[in-house]
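In what follows, a structure is listed as structure tokens, so that the remarks can point back to it.
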Amino acid sequence: MTRGTLNFVTSPMNAGKTANMLLRARHAATLGRRVLLAKPLSDTRHESSVIRSRCGIEMKCDLCAGPEFSFTKDVLYGDVDILLVDEAQFLSSRQIDELREVADVHGIPVWCYGLLTDFKKNLFEGSKRLVELCDKMIELDIVCYFCKADGRFHLKYANGKAVVEGPSIDISIPGDGKFVAVCHMCWTEKTSTSEEVQDPRVLCAKVIPVDR
């Protein structure tokens, strides 16, 4: 049996994680591999039947995983060659354990894409468990909105001011409307002053054109 792997691709918002995942899915499909695309039910930015990147690439979502969903009990993997999971930071530790089991027992590659930390610099539950269990972790680069250094952290703003309070999971409006990627020095500076953030816009990674 082919040995499966659990892989974690992570970056701050707008570095191209979902686009990267969908490009991987399309490439796998062109090679005749049977692809299963999944995302958490808590990702309500788009309809549950679609996974869509900010650059416009989209594909059909095969399953949405709610809190009680089991990747080991609720899915038959006989016709699956590769499993790709978007927004994996929203999964529970148990579900990440199950994805590890899927890779080991069924011998298929599992690719999880998601944020590493929230805007308070705390690991998400799913991301923490992925770091502990994954075979390979890949970080996509994005630059700091303010100084153009590596932007590994998130700055959340409300009414033009940086904030460090509130729930870690906040999808009331699209994430690129309230978060920017920043370096640690800029995160510290902006959260320790009352300076207003003018026209906050995230700098996106370079997008590769794809025929739709």
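Backbone N, Cα and C atoms are what each Cβ position is placed from, and that goes for glycine too.
Long-range C-beta contacts of Gln89 (ATP binding site), restricted to its own chain and to partners at least six residues apart, with a cutoff below 8 Å, comprise Gly114, Leu115, Leu116, Phe124, Glu125, Gly126, Ser127. Per Swiss-Prot, the feature ATP binding site maps to 11-18, 43-45, 86-89.
Annotation source Swiss-Prot lists active site, proton acceptor at Glu87. According to DSSP, Glu87 (ATP binding site) is assigned to coil rather than to any helix or strand.
According to Swiss-Prot, the feature substrate binding site maps to Phe119. In the three-state DSSP assignment, the secondary structure recorded for Phe119 (substrate binding site) is coil.
In the shown protein chains, 22 other C-beta atoms lie within 10 A of the C-beta of Cys144 (Zn(2+) binding site). According to Swiss-Prot, the Zn(2+) binding site annotation covers Cys144, Cys147, Cys183, Cys186.
Taking each of the binding-site residues Met13, Ala15, Cys147, Cys186 in turn and counting other Cβ atoms within 10 Å of its Cβ gives the largest count for Ala15. Here the binding-site residues are Asp43, Glu87, and the one ringed by the most other CB atoms within 10 angstroms is Glu87.
For the recorded site, Cys144 (Zn(2+) binding site), the DSSP three-state label reads coil. In sequence order, Phe153, His154, Leu155, Lys156, Val163, Val164, Ser168, Phe179 constitute the residues six or more apart from Phe119 (substrate binding site) in its chain with CB-CB distances below 8 Å. If you measure from the Cα atom of Cys147 (Zn(2+) binding site) to that of Ala15 (ATP binding site), you get 17 Å. Spacing of Ser11 (ATP binding site) relative to Cys186 (Zn(2+) binding site) is 17 Å (Cα to Cα, whole number).
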